[in-house]
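The structure appears right after this line, and notes come after that.
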Amino acid sequence: MQPACSSALLAAFLVVLAYSAVSCRGQLANNYYAGKCGNFSVEAIIHDAVKARLAWDKRMVAGLLHLQFHDCFVACGGPSYQVQLGRRDGMVSQASMASILPGPNVDVPTAIDLFGRKGINALEMVSLMGAHTVGVTHCSVIHNRLFNYNGTGLPDPAMDPMYVWILTTFACPKDQAYDNIVYLDDPSSILLVDKSYYCQIMKRHGVLSVDQALGDHNATAWMVNFLATTDSFPSMFSQALNKLAALDVLTGTAGEIRKNCRRTN
């Protein structure tokens, strides 16, 4: 992924928009791998390996959310739920598919429309955007928001001025030599899958334009407020994520099971 892309935004949008090719629904099951490895539990083996790796580097959470759309989901401190298994790998991989993904400045009506085309409603979309709670972006992505919003030479007025000062002073100085990482949630909560992301939006601390837009647009502002002020996020996030993960999957004899995940057989 190129630095100018928001990894968390891709995590939320990737399957919804990029994989609407040939698919075969059905045949997914919670116990799909039962008996396929003798007396060994495939899920337990994978769980233990991922858990050990996660203990070593908790920054993997965002990447694993991304991988949910290929077979796997692990949340750090987040909801636990059963994932339906049995997905097969595609035979074709096209880098050009990434070009249809919306950027971090997508407006709310467009985002609602894009998700809606895949059967994901607005509340489910806002719940899925909660994946940004463990997400990061880069200074280059938000440079215009901080220094030259819409060509004004000023910061985006939708962002809290004090937060702008913090970002431009410590994370993204104007003339910095490196494209630093910026957390999409409060740094103290960045390793937790929780509702903090929505609380930050309520404070006008949305890092990406699309983040803050969710809290400002009439269609979604109440949803952000609801998720920030109740304990509904864990269940709503897991339900929406499970629904998302079942979209346009290959099952049965479609596709293949790759011997090497990086290339087709």
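Using N, Cα and C of the backbone, Cβ positions are placed for all residues, glycine too.
Record check, TrEMBL: Ca(2+) site residues include Thr133, Asp194, and the candidate from Asp179, Asp186 also listed there is Asp186. Looking at the candidates Cys139, Cys199, TrEMBL gives Cys139 as the cysteine bonded to Cys172 by a disulfide. The most densely surrounded of the disulfide-bonded residues Cys139, Cys172, judged by C-beta neighbours within 10 angstroms, is Cys172. Of the listed binding-site residues Asp186, Asp194, the Cβ environment within 10 Å is emptiest of other Cβ atoms at Asp186. Counted within 10 Å of its Cβ, the other Cβ atoms near Thr133 (Ca(2+) binding site) come to 32, all protein chains included. Take the CB of Pro102 (substrate binding site) and look out to 10 A: across all protein chains shown you find 18 other CB atoms.
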